[in-house]
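> Dumping what TrEMBL says about this protein:
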REGION    1-87  region 'Disordered'
COMPBIAS  1-40  compositional bias 'Basic and acidic residues'
COMPBIAS  74-85  compositional bias 'Acidic residues'
TRANSMEM  210-231  transmembrane segment
DOMAIN    385-591  domain 'FtsK'
BINDING   A412, M413, P414, R415, Y416, G417, K418, T419  ATP binding site
REGION    741-778  region 'Disordered'
COMPBIAS  767-778  compositional bias 'Acidic residues'
Amino acid sequence: MRFIGRKNDDQDRGQRPDDNDHIGMGEVVPLHRETVRTDSDATDAQADNETRPRVQDVIARAVPAAESVAPADYDVDPDDDEEEGAEVRPVRVDPVAGSVPGLFPWDRTDERRAPIPLWVSDAATRKAAIRWVGDMAKHKAKFHAVRTPLYAGRVAVRVPRGGARVLRDYTRWVTDAETRPLRAEAVRKADAIEHMKLSQKTAERQKARLAMSGVLAVPVLAGLAVVVFAAPVPVAVLLGTAAAAWLGVRGGTEDKPLFGRAVVTGKVPELTSDMIIRALGSLNNSLLNNAVKSGRGITFPAPITREGPGWRADIDLPHGVTANDIMEKRSALASALRRPLGCVWPEPDPNQHEGRLVLWVGDKDMAQSPAANWPLARKGKADLFEPFAFATDQRGRTVSLLLMFANMLIGAMPRYGKTFALRVIALAAALDPLVRLYVYELKGTGDLASIEDCCHRYHSGPAETEDLEATMAGLREIANVELSRRAKVIKSLPKDKCPENKVTPELAANKSLGLFPILLMVDECQELFKSDEFGSEAADLCEKIIKRGPALGIILVLATQKPDSKSLPTAISSNMGIRFCLRVMDQTANDMVLGTSTYKAGIRATEFKAKDKGIGILLGHGDSHQTVRSYYIDGPAAEAIGKRAHQLREKAGTLSGQAAGETPQTTTGPRYSLLDDIAAVLAPGEDKVWSETICDRLADLRPDVYRGWDATGLSNALKPHGITTGQVWLTDATGKGANRRGFARADLDKARRAAGQAKKTSNPVTESDDEMSGEESA
């Protein structure tokens with residue numbers, strides 16, 4: 001047996017002696033157990049003690065705070081742990097609140113609940129409430145207006161019955177019928193005196209009421225005569241209608257109301273702790289089952305409250321159970337709570353421990369809730385350096401997205417809202433006058449045409465060769481030119497202007513630097529990556545933009561309806577910072593968009609149903625993932641926003657490229673070949689050359705095409721032609737030798753021969769496709 005004990009010796013206790021002679025909180029103190037020995041054992045015990053060191057067991061055991069332990073010396077015989085007569089006293093090792101730093105009340109990180117409810121303090125919630133009241137009043141007015149003829153018929157049928165009821169009530173009042181039961185009771189009791197009093201009182205009342213009726217009858221009859229014979233027809237009709245309506249209401253019955261119900265209010269099902277515990281206990285988790293059986297282990301740190309259109313419960317799960325364990329069994333939890341799957345949303349609390357579960361249960365399925373209006377639909381402009389409204393969560397709260405310094409991937413099955421989500425991002429970027437837009441839509445339906453007048457480069461086509469060429473031109477322009485140019489500009493800036501070596505709002509606003517944000521958007525990107533001609537180069541260029549672009553103010557947004565390894569290269573999918581996955585069919589597609597092992601972690605876009613259009617899982621924008629519904633912006637609304645964005649850019653003077661009237665050179669510019677241009681600038685007998693030397697010569701040959709190219713950009717452009725650059729030893733103009741990136745003339749000649757052979761077997765249109773037609777946009 002092991003215990004913790006206390007010794008008198010301060011040195012053994014591992015602390016300095018003080019006046020209070022107390023044990024340091026949390027320290028493990030050696031134990032000595034005192035044993036009773038006979039005189040005959042004294043000699044042997046003394047010998048043993050001289051040759052055998054004293055054993056000190058040091059296992060900690062918690063004791064109640066109120067327990068006090070007196071000091072004592074203990075001696076331990078390791079060979080006799082169960083020796084009778086030994087006295088063991090426990091010593092407290094748990095810290096006491098207020099005894100050590102960190103346990104004082106002001107050191108704790110308590111969660112302070114908002115003094116004002118969310119529905120009062122939140123502007124969006126207040127607006128929703130006002131909007132709800134207006135919509136409800138409008139609906140009720142419309143509902144009853146179309147039923148006016150029905151209500152008139154009901155009133156006409158009930159008028160006679162109402163008149164009879166009025167006459168009956170008048171007769172009962174005049175005859176004092178209310179006292180009749182009292183008089184009958186007096187007769188039954190044979191109480192003559194009481195009966196006489198009641199009869200006398202009734203006679204007095206009848207006489208007074210008859211007199212009052214006679215007095216009132218004269219003006220009533222006179223008024224009726226005036227209305228019938230002298231009043232204007234509209235007045236007579238109005239008064240007659242009012243009298244008939246009153247009689248109709250008096251003639252109604254409780255089980256058949258005059259007016260129909262415009263709204264049938266359903267009872268909001270209540271969420272209770274018993275329901276939650278019972279549901280958790282049905283998830284086939286051994287730790288949860290034990291906690292439910294014992295009645296301990298599942299606690300509620302805060303009351304179950306209403307939050308938005310649903311209930312919120314904060315739950316501390318048993319030790320060893322995480323929120324992800326519950327999220328993985330969301331379907332089973334919904335079944336246990338007897339709610340639709342779209343109403344039950346378990347999620348972790350990023351500000352608490354891993355065992356804290358936030359369970360939100362909505363009144364309605366998320367897909368059945370009315371879609372919210374985009375805050376920027378009617379007015380305002382965006383700033384990509386700040387979060388913009390992208391979607392709403394299950395509770396109707398706005399979910400904002402910070403796209404600057406990040407890249408984004410959107411994936412879904414066809415017809416589930418991928419392009420509509422992309423449209424929100426495109427319109428937000430268009431409403432930021434500083435952003436230069438490169439938009440390529442490879443479905444060919446013009447889903448993003450609403451911002452065409454705002455784009456520096458825009459192309460829409462059904463992923464044919466010319467459409468892919470236009471997309472590649474934009475990729476090459478950004479990857480081969482802009483990345484290098486921007487890096488050089490940032491490197492040249494003083495540290496006080498650019499301390500973090502990245503684009504800032506101030507630098508972006510300085511037109512002379514050319515560090516405006518760039519948004520490169522490719523819809524249906526699988527058409528580009530699976531292309532035999534452009535797929536490999538496109539993947540290399542995108543990877544380059546993904547890795548270097550964010551710090552340089554370049555944002556890449558890709559959308560695909562076929563997320564697999566071929567249509568979405570792993571090097572790209574694994575490096576996208578923000579991901580939005582709408583409905584997909586299998587685990588592979590889920591993990592391709594949201595990241596490896598997200599399916600196993602319970603983050604599953606496969607659980608969405610056919611009705612869940614526009615609903616997806618947003619990951620990478622915050623501390624944890626969210627299930628959100630992107631704002632729905634239809635075609636006419638998108639056109640109106642696009643026109644407003646064009647006006648903002650025109651006013652700011654930031655229209656460029658196609659938006660400013662330029663025509664992309666990919667459609668009208670001269671056709672040329674990169675290989676032929678390199679051959680033209682190589683000197684006779686020059687068998688090897690540095691890439692940087694070729695870039696300088698090419699810039700002199702075609703400055704509008706090759707200006708800004710560097711060794712990396714040239715290497716990327718040569719890869720599709722089968723030329724790989726490597727280290728080449730040459731001497732510079734000063735005669736100093738060095739190893740730098742370059743290539744051999746033999747590789748160039750081989751690539752040119754292959755290109756020439758391809759031209760002979762191609763038609764005239766395809767012949768020009770083998771030439772380098774993308775770099776002219778650089």
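Yeah, the Cβs are placed from backbone N, Cα and C, and that goes for glycine too.
TrEMBL annotations: computationally assigned, not manually curated.
Give me the local environment of each listed feature.
Residues 174, 239-240 of the same chain, all 6+ positions outside the transmembrane segment (210-231), place their C-beta atoms under 8 angstroms from a C-beta of that stretch.
Taking a C-beta cut-off of under 8 Å and a sequence gap of six or more, P414 (ATP binding site) has these contacts in its own chain: Q561.
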> I need the neighbours of the ATP site defined by A412, M413, P414, R415, Y416, G417, K418, T419. Which other residues of that chain put their C-beta within 8 angstroms of the C-beta centroid, in sequence order?
Q561, L582, R583, K613
> Can you tell which of the binding-site residues (A412, M413) has the fewest other C-beta atoms within 10 angstroms of its C-beta?
M413
> Looking only at DSSP and grouping its letters into three states, which state does T419 (ATP binding site) belong to?
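T419 (ATP binding site) sits in a helix per DSSP.
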